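This report concerns only the one structure given below.
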């Protein structure tokens, strides 16, 4: 539920490496 400061409209979350996932075109962590 914490925004990772990254969008995932066109590309996947690079921050997925630290546990972030794409939700509603924005990368979130928990």
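Every residue, even glycine, has its Cβ placed from backbone N, Cα and C.
Over in Swiss-Prot, the protein carries these features:
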{"type": "DISULFID", "residues": "4-20", "note": "disulfide bond"}
{"type": "DISULFID", "residues": "8-22", "note": "disulfide bond"}
{"type": "DISULFID", "residues": "13-27", "note": "disulfide bond"}
Local backbone state of residue 13 (disulfide bond), from DSSP in three classes: coil
Same-chain residues at least 6 apart in sequence whose Cβ lies under 8 Å from residue 4 (disulfide bond): 13, 15, 18, 20, 26, 27, 28, 29
Residue 22 (disulfide bond) in three-state DSSP notation: strand
Other CB atoms within 10 A, centred on residue 27 (disulfide bond): 21
